[in-house]
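These come from Swiss-Prot:
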type	residues	note
SIGNAL	1-17	signal peptide
DOMAIN	18-107	domain 'CFEM'
DISULFID	Cys26-Cys64	disulfide bond
DISULFID	Cys30-Cys59	disulfide bond
DISULFID	Cys39-Cys45	disulfide bond
DISULFID	Cys47-Cys80	disulfide bond
REGION	95-163	region 'Disordered'
Amino acid sequence: MKLSVVALAALVSVAAAQGVSELPKCAQDCASKGFPSSCGADVKCVCTSNSFLDAITCCVATTCTAEEQKKTIQFAKGICGGVGVNVPDSAVCPTGGSSSSGSASSTPTSSGGSSSETGSVTGTAITGTNSPTPTSRRPSGSSTAHSSGSGSPATSTGAPTQTGNAAASVNANGGLLAAIAALVIAVA
C-alpha cells in the first residue's frame, strides 16, 4: 500500500513538471479509455501494456490533429522516458493483421552455390536476413587413354549465417500514450 502511494506521488510530480495543460483534450479523452487496472500506479507497467497501447495510440492517431499528436508524443516521452521506456516519434494505428514480403534466390555454380533470403514484417517492427552460403567441391581428377585416374569424393561444407535486426520495442507504439493514461487516472 505504501509503495502505491509513493508511486502515485512520483507520477503526480512528473505530470506536474510536464504540465497537464500541454496535453491536448483529444489525448485526454483517449487516455481515459481502457486503462489497464492491473498496473495500478506503476508507470512502467502502463507504458508497456500492449493492448492498452494499441488502443490509445490508435485513438490518438485517428482523433487528434497532427499538431495534437506531436504534443501528445512529447508529453508521453517525458513520462515514459522517466522509467526507461522509449516512445516513438509518431502515433500509428495498428492494423488487424500483418503483412510480409520476402525473396529467395539460388545461383549454383561449378564451384559451389549460394542462396539468400530476405524478408520483413510490418506492424511489429521486426526485420531480418538469412544468408546461408554453402560451398561444395565436385570430384576432380584426370584420366588417360589407359583408363587410369584419380579422384576425390564430393564434400560439402558450409556455415549458414544469420543476421537480423529486431527493434527492441515493446510494440509499434512503444508506450506512446500510456503515460497520459497514468496521469489521467492519477489526477482523477
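Heads up, the Cβ atoms here are built off N, Cα and C, so glycines get one too.
On a predicted model such as this, the values are computed, not experimentally measured, just so you know.
The structure, with features from Swiss-Prot marked on it.
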residue : record         : Cβ within 10 Å
Cys26   : disulfide bond : 18
Cys30   : disulfide bond : 26
Cys39   : disulfide bond : 19
Cys45   : disulfide bond : 17
Cys47   : disulfide bond : 30
Cys59   : disulfide bond : 21
Cys64   : disulfide bond : 21
Cys80   : disulfide bond : 26
Q | Nearest of the disulfide-bonded residues (Cys30, Cys59, Cys64, Cys80) to Cys45 (disulfide bond) - Cα to Cα | A | Cys80
Q | Of the disulfide-bonded residues listed as Cys26, Cys30, Cys64, the one whose CA lies nearest the CA of Cys80 (disulfide bond) | A | Cys30
Q. DSSP helix, strand and coil counts for the domain 'CFEM' (18-107)?
A. 51 helix, 8 strand, 31 coil
Q | Cys59 (disulfide bond) versus disulfide-bonded residues Cys26, Cys39, Cys47 - nearest by Cα | A | Cys26
Q: Work through the disulfide-bonded residues one by one (Cys30, Cys39, Cys47) and name whichever has its CA nearest to the CA of Cys64 (disulfide bond).
A: Cys30
Q | Model confidence over the domain 'CFEM' (18-107), averaged pLDDT | A | 80
Q: Would you kindly give the Cα-Cα distance separating Cys30 (disulfide bond) and Cys39 (disulfide bond), rounded to the nearest Å?
A: 17
Q: For Cys30 (disulfide bond) and Cys47 (disulfide bond), determine the Cα separation and express it in whole Å.
A: 15
Q) Cys47 (disulfide bond) to Cys26 (disulfide bond): how many Å between their Cα atoms? A) 19
